[in-house]
Amino acid sequence: MNSYIKEKMENNGYKIILIGSSGVGKSSIVHQFLFNRKISNVSPTIGAAFASKQVIAKNGKTLKLNIWDTAGQERFRSITKMYYTNSLGCLVVFDVTDRESFDDVYYWINDLRINCHTTYYILVVANKIDIDKNNWRVSENEIKKFCRDNDCDYVFASSFESDTVNNLFGKMIDKMSEIKINPDSRRNDIIYLSDKSSGIDDFIDKISQNCCYIS
């Protein structure tokens, strides 16, 4: 394993990526989580934006989340794949008022699973629930069925409502807290999932440098 990645994992650095179509509110969700305030008129992400935050899981474990907010525009999709590398958690975001963005969720999940074999937890985020339900283009039953059929969880959220954003990241944080390096393994690059799986050992020794940083 790349020594940089190994060091990050040993220091409880967990890579979380946000994927989804353009305009669904990925950057606004990240901004709400980091700064606890809403933001409007966000410029489209180009490539990816990076931020990190130290958090505490329900089990008391302190984690460092490395959050990658990726571009959703179709012209950047080939670039976005680079940021899948070594992700352990994924938030797949869509806009409840945009049917096409929900239809695209299958593409994003399938693309992730084809190109990344380290992702432990996928959470589908139905965003913009602050908008009147008369304007929703996706029903909860559809979301529930889709996630059941595609083996992932879902949550409703609004980047304007901090409690919903904290809730979705709380779910991710608790899942990430189940992951740890096996100290007894002869291979230092093996990570096992407590009471869940035999482990993740297919890491790619490369991290893309084409990103911007959120301070």
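Glycine residues also receive a Cβ, built from the backbone N, Cα and C atoms like all the rest.
The GTP binding site annotation in Swiss-Prot covers 20-27, 69-73, 127-130.
If you look up Swiss-Prot, you'll see 42-50 marked as motif 'Effector region', on the strength of similarity to another entry.
The S-geranylgeranyl cysteine annotation in Swiss-Prot covers Cys211 (among others) and rests on similarity to another entry.
Summarising the annotation, Swiss-Prot assigns S-geranylgeranyl cysteine to Cys212 (among others) and lists similarity to another entry as the type of evidence.
The cysteine methyl ester annotation in Swiss-Prot covers Cys212.
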Using a 10 Å radius on the Cβ of Gly20 (GTP binding site), the other Cβ atoms enclosed count 26
Tell me the Cβ contacts of Ile129 (GTP binding site) under 8 Å, same chain only and six or more apart in sequence, or just say none. Val96, Phe156, Ala157, Ser158, Glu161, Thr164
Give the number of CB atoms, excluding that of Gly23 (GTP binding site) itself, located within 10 Å of its CB. 15
